[in-house]
Amino acid sequence: AIAAIIIFLILFTIFGNALVILAVLTSRSLRAPQNLFLVSLAAADILVATLIIPFSLANELLGYWYFRRMWCKVYLALDVLFCTSSIVHLCAISLDRYWAVSRALEYNSKRTPRRIKCIILMVWLIAAVISLPSLVYKGDQGPQPSGAPQCNLNQETWYILASSIGSFFAPCLIMILVYLRIYLIAKRSHCRGPRAKGAPGKSKFKQSRQVPGGTLASAKVPNLAAHLVAAGETNGRSKPTGEKEMGETPEDSGTSTLPPSWPALPNSGQDQKEGICEASLEEEAEEEEEGEEEREEECEPQALPASPASACSPPLQQPQGSQVLATLRGQVLLGRAAGAASGQWWRRRTQLSREKRFTFVLAVVIGVFVLCWFPFFFSYSLGAICPQQCKVPHDLF
C-alpha cells in the first residue's frame with residue numbers, strides 16, 4: 001500500500017511539474033521573467049521524483065542498498081542537491097516578491113531574464129556547495145549491519161547541523177522574515193491608501209456633476225465661485241484681460257485664461273441667479289480617499305456677470321493636462337488632469353495589487369512546503385544534538 005501511494009506521488013509530481021513548465025514556455029501571458037523561477041523549481045522537483053524517490057523507496061522496501069557503492073555516493077549528493085535547490089528556490093522567490101512589492105517600479109525595470117537567470121544560477125551553486133561534502137567526504141555513516149550494505153548520509157554532528165541549517169532552517173527563516181515584511185508593507189499601504197504626501201497623480205480637479213438648479217459645478221475647484229463673482233461687478237463693467245485681481249496669488253498669475261474660441265457665457269441679466277457650490281478641497285479629498293460619501297455644502301445664490309466677456313477675464317487655475325469648457329448655458333466643465341505623473345501612479349498601484357495577489361498565493365504554497373519539510377529536518381537535527389536521549393524511532397523518521 002505504501003509503495004502504491006509513493007508511486008502515485010511520483011507520477012503526480014512528474015505530471016504536475018511538467019504542466020507548469022509547459023504552461024510557462026507556451027503561454028504568452030506567463031512569459032514574465034520572474035516565472036523562470038517556477039520553471040527551475042519545477043525542474044528540481046521532477047529530478048527529485050525521478051532520481052531520488054524511486055531509489056529511496058527501493059532502499060526502504062528491501063532494507064539494504066541494492067545498487068552499486070559509487071551510485072550510493074552520487075545518490076546522496078543528488079538528494080541533498082535537489083532538495084536544497086528546491087527550498088532555496090522558494091527563498092529566492094520570496095525575496096523577488098519582496099523587492100517587487102517594496103520597490104515596484106524600480107525593481108520591475110531591472111527584472112530582466114538575464115538577471116533572473118543569474119539568481120537561479122546562484123541558487124543552484126548554493127545547493128551544490130551544501131551537497132558537495134556528501135560526495136567527497138565519506139565521514140561516519142553509523143553502524144553497518146553485517147552482510148547488508150547500507151547507504152546513509154554522514155552521521156557526524158557538525159555535518160548534520162551544517163546541512164540542516166544551510167538547506168532548511170536559514171532559508172525558512174529568511175522566508176518568514178520576508179513575508180512578514182511584505183505583510184507589514186501591505187498593511188501600512190492599506191491603512192494609508194493613496195493619501196501619501198506628494199503622491200503622483202493626485203489631482204485637485206474632478207469631473208463636474210449636476211447640482212440642484214440645473215447648474216454644473218466642479219467639486220474640486222478651489223474658490224471657483226469667488227473667481228466668477230469677482231469678474232462681474234455691480235456696474236456690469238469687466239476688467240481688461242491682462243489685468244490682475246487684487247490679492248491674486250502667485251499661482252493665479254501664471255495661469256492662462258480661457259481661449260476666445262470657446263463659447264462665451266450668455267447675457268442672462270443682472271437679476272438671473274445661479275447656484276454655485278463652494279467646497280473645501282482638503283476635506284473632500286480626505287473623505288473621498290477614506291471611502292466615505294462626499295459631503296456637499298448648500299449652494300449660495302450668486303449673481304452671474306452681465307457681460308459675456310467678463311466671465312473669461314479672471315484667470316482660472318488649470319493644471320497641465322486638464323480640460324476646461326464653457327457650455328451655452330454658462331456651465332463650466334473641468335476634467336481630471338491626466339498627465340504623465342497620474343499614469344505612473346496608476347501603473348504603480350496596479351502593479352502592487354497584482355504583486356500582492358501573487359504573493360498571497362506563493363505564501364500559501366511556501367507555508368505548506370515548509371510544514372512538510374519541518375518534521376524531517378527537526379528530527380534529523382534532534383538526533384544529532386542528543387543522539388541517546390532524543391533518539392527518534394526509525395519508523396517515525
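Glycine is treated like the rest: Cβ placed from N, Cα and C.
Noted in Swiss-Prot for the protein shown:
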type	residues	note
DISULFID	Cys72-Cys151	disulfide bond
REGION	193-212	region 'Disordered'
REGION	230-319	region 'Disordered'
SITE	Asp79	site 'Implicated in ligand binding'
SITE	Ser163	site 'Implicated in catechol agonist binding'
SITE	Ser167	site 'Implicated in catechol agonist binding'
TOPO_DOM	26-36	topological domain 'Cytoplasmic'
TOPO_DOM	96-117	topological domain 'Cytoplasmic'
TOPO_DOM	181-361	topological domain 'Cytoplasmic'
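Features per Swiss-Prot, on structure.
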| residue | record | DSSP (3 states) |
| --- | --- | --- |
| Cys72 | disulfide bond | helix |
| Asp79 | site 'Implicated in ligand binding' | helix |
| Cys151 | disulfide bond | coil |
| Ser163 | site 'Implicated in catechol agonist binding' | helix |
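The two recorded residues Asp79 (site 'Implicated in ligand binding') and Ser163 (site 'Implicated in catechol agonist binding') have their Cα atoms spaced 12 Å from each other.
Counting only the Cα atoms, the space from Ser163 (site 'Implicated in catechol agonist binding') to Cys151 (disulfide bond) is about 17 angstrom. Residue counts for the topological domain 'Cytoplasmic' (96-117) under DSSP, split into helix (H, G, I), strand (E, B) and coil, are 19 helix, 0 strand, 3 coil. Looking at Asp79, Ser167, the recorded sites in this record, the fewest other C-beta atoms within 10 angstroms of the C-beta turn up around Asp79. Cys72 (disulfide bond) sits 20 Å from Ser167 (site 'Implicated in catechol agonist binding'), taking the Cα positions as reference. Local packing around the recorded positions Cys72, Cys151, Ser163 was summarised as the count of other Cβ atoms within 10 Å of each Cβ; on this measure the leading residue is Ser163. Applying DSSP to the topological domain 'Cytoplasmic' (26-36) sorts its residues as follows: 8 helix, 0 strand, 3 coil. Using a Cβ-Cβ cut-off under 8 Å and counting only residues 6 or more beyond its ends in the same chain, the topological domain 'Cytoplasmic' (26-36) has close neighbours at 93, 96, 100, 111-113, 115-117, 120. Here the Cα atom of Ser167 (site 'Implicated in catechol agonist binding') is found 20 Å from that of Cys151 (disulfide bond).
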